[in-house]
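Take a look at the structure below.
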Amino acid sequence: MSEEDKSKKLEELLKLLKVHDGDLSKFTSQQRKDMNEYKFWKTQPVTKFDEVIKKEGPIDSSKRPEDIPDTPLPLLGDFEWCTVDVNDEKQLEDVYVLLNENYVEDKDSTFRFNYSRDFLNWGLKPPGWKEEWQVGVRVKETKRLVGFISAIPTNLQVRGNDVRSVEINFLCVHKKLRSKRLAPILIKEVTRRVNKYDIWQALHTGGVVLPSPVSSCRYAHRPLNWSKLYDVEFTALPANATKTQMIAKYTLPKTPISNIKLMEERHVDEAFELFNKYQQRFELRPNFDKEEFRHWILTREDVVYSYIIENDEGKVTDFVSFYSLPFTIINNPLYKDLGIGYMFYYASDADFGYDRFSAEGTERLRKRLNLLINDACILARNLKMDVFNALTSQDNALFLEDLKFGPGDGFLNFYLFNYRCFPITGGIKEDQTFDVEKRSNVGVVLL
């Protein structure tokens, strides 16, 4: 089967997954058969597409750290394993170059993620991070980094159950080596290293369908600088509309509407308490301690921005955060980059004291989130971001349409490694539109 045919099948399966709202039993036998192409994942402790889940929990709990080999799998003769010391500027630079030249880009190769060194320091080194979980493959002769994968520690709550795990991210193989099947070997090696620490579960996300998503969310985009987005062909001019009309449609006030202000260290205790209480509603969520919350949320210039709203008594009632991950624009004479803001974590006390899905509680939260996220969009625009991205996770469905977020073409699938879990709502209906009624039970956000 050609790569093009495989891509088409993946696209078909992705659409089917959305239509069936994560109910994998609705796949036809032929569609399930197509999953046999995933030779690697068939050998891993993951939920199969045709598996009937009767009980949530670990799939394989028989192993112990002493059962795990002390040495990695052998590589082809031209390559060697390495542990990437991201505290070393030269080695961090190797990761930076590999990601920025070979990581995810759009199908037309027009846009590519541009991870800054500061962003990588933030994303790769949360509290408890381990150097040996930053795994690389180098060319023996030149020492050039051609493969990378990262694991960082995280404690998850999955429907009230504590799951000690890692987040897997930044899996990247040099474009010219994609046929060498380095990706499965990188996954096996980081799994081996994590298992030696007696950790057996992992959370990862991706745009392609693998066995077997626990949830799927849709991307949504809110233009902040429509004119630039049009110029770089990130967006198109709708039929029966003019550029002037589109610019006017997406124009935001010059300054925030509320008394929102930058979160400071002195706000952390209250914001952390608010965050924990708000996150209780979600079925898949992080269980941060205060140091982790501080690391992920406090503002770092050009990386992550966080803001709070206080009531008249000075109590923190809301906070919102977003991170900056620009695109490099390839072969464009006008612009070299596109500023992108990504919705991160937020919390509000607007519906505390109400049932989450009650009419009154829902309306109170909808109004508050519309104010909070609209101000976040204004702040992002003032930071020279050109578009604001959000998933349909958390309670985002309550504000996406109101604030002129348009549904994107992309979907993000959430996977739990070595853990069975009933499907979790992702904030989209069967027709793939925003599900304002059920919303999402995914509270965790991965970079």
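Backbone N, Cα and C atoms are what each Cβ position is placed from, and that goes for glycine too.
In sequence order, Phe79, Val137, Val146, Gly147, Val173 make up the list of same-chain residues 6 or more apart from Leu182 (tetradecanoyl-CoA binding site) whose Cβ falls under 8 Å from its Cβ. Classification of Leu182 (tetradecanoyl-CoA binding site) by DSSP places it within a helix. Swiss-Prot lists Tyr38, Lys39, Phe40, Trp41, Leu171, Cys172, Val173, Ser179, Lys180, Arg181, Leu182, Ala183 with the feature tetradecanoyl-CoA binding site, giving similarity to another entry as the kind of evidence.
Counting every protein chain shown, 19 other Cβ atoms lie within 10 Å of the Cβ of Leu447 (active site, proton acceptor). Sequence annotations record features per position, and here Swiss-Prot assigns active site, proton acceptor to Leu447 based on similarity to another entry.
Secondary structure from DSSP puts Phe40 (tetradecanoyl-CoA binding site) in a helix. The Cβ of Leu171 (tetradecanoyl-CoA binding site) lies under 8 Å from the Cβ of Phe148, Ile149, Ala183, Leu186, Ile187, each of these being in the same chain and 6 or more residues away along the sequence. Around the Cβ of Val173 (tetradecanoyl-CoA binding site), the number of neighbouring Cβ atoms within 10 Å comes to 22. Comparing Leu447 (active site, proton acceptor) with Tyr38 (tetradecanoyl-CoA binding site), their Cα atoms are 25 Å apart once rounded. Sorted by the number of other CB atoms within 10 A, the binding-site residues Tyr38, Phe40, Lys180 start with Phe40, the lowest.
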